[in-house]
């Protein structure tokens, strides 16, 4: 499993958001974090990888160009989680999951309604939210909604997992829980996982690779150590920052002041 | 057993119970609908009781002429038409609300009924219509054509410059005003007799029900329902957001086009035959949503059943409201529907 991105240009209408993004090949079994300031184009790049935007350039999965594939075909390998779930939806967590599974065939074909329900429940248990199965999406807290949304992406058992800020609404415990689960699934199934995060400490700790985006261009990419440097943080984020190792050896980014 | 496995076992049982409860609700709605249909056939100005009606229905040969005529040619077509029109309008409203992601969408609020009125007005006031349509179908033909075209127009307008779903709803509202203005203009120049006919038409009445019309509407339903059923899972997934649906492999535009085509067919045929009947297409889906949620396997049939039940009850009420007089059912739907709707919203609110 390998995702290759070359000279990808994305935008809405005539407005270009991201210009000529080329990434070093993203291997299976590794997590890539997209970081950068607000409006830099992180989410746009993620949408582009999901094939949701008109694009120039190339996105290839295992050498196969994604652009020419039908939505249904693409959905067999790629799952994308947007930032939010819509409001006012009269579905329970379970119903939404079963609906996500039955919307189109997954890589393993189309499960029966019963099999879909079993699969959905097993996933909810793994996410630690089995008790929310029959709660309406509209009654969930912000963090619970995020977990339900994540489940909708995971339930299709994708080979490429694209997550837009999967932990932004979660408390500390659940942030760690979700990131651990994502890492587990990534390693276990050899997934290509790409996620947008704002929390640089989470990116440093859980990502194998970091891609830093600023003003619609890829500014740096590589291991967390290579990309998260005071110089790059000053250039892209406009902050003076220190990058230090904590007593457990984890990389920590300490922002001191805006420049 | 650990806490987690207990929670899973509980959730599994709970989900099965939830599905069963929804099926049971559908069954209950069906029973109520049948009861309402029988009540509708058993009531009327001619004071034929349920026993007389049952005898005529079960043994057509036994009945004397006038009784048989009243049951077979008046009451039964009215009652069946009420059920079919209610089901068609509510089903159309349900699909519309889902694909346009707007709880205010319905054939009535997005201009389909207004377009039908314009078609009817052209036929009544100016005698304009399709050349090959026989005179007695001119009005229905025109109303159908305009209603059908209005949805296609709505669709193509929204395609211009890639306007989004929100724009489609706004276009629909704009169309309502445009069509209403055109109808008003025609009313202004109409003769007194034509004006009266037009006003009465736009009230919506089951008195126009005939067996051939029932046959055509049943056919429209029979054509649309299999496609609707096939789209049910995709419609459910679309409720989770358009981007998410796309990532599930759903071509949202194609799904929307298919749904709008079915909506235009069902609502155009309904409106063409019985005139403007508001509210059902809006409230049927809402009542269904409150009862069974939005798993479209249950939501769509529940919406159709709710709409059918509501219009059938309205038909009964239309005979009882003013003794000896049948009030046009289009007037009654809101009178019956609003209290039912408000009650539903309140009971739901208390429970949560």
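Including glycine, each Cβ sits where the backbone N, Cα and C put it.
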**Request:** Identify the transmembrane segment range according to TrEMBL, selecting from B:137-155, B:232-250.
**Result:** B:137-155
**Of B:23-41, B:78-96, B:167-190, B:263-286, B:325-346, whichever stretch has the most CB pairs under 8 A to the transmembrane segment (B:210-229)** = B:78-96
**Contact between the transmembrane segment (B:108-131) and the transmembrane segment (B:325-346) (at least 3 Cβ pairs under 8 Å, separation 6+)** = no
**Item:** Cβ contacts under 8 Å made by the transmembrane segment (B:167-190) with residues that lie 6+ beyond its boundaries
**Value:** 100, 102, 104-105, 109-111, 114-115, 117-118, 121-122, 124-126, 150, 153-155, 157-158, 198-199, 202
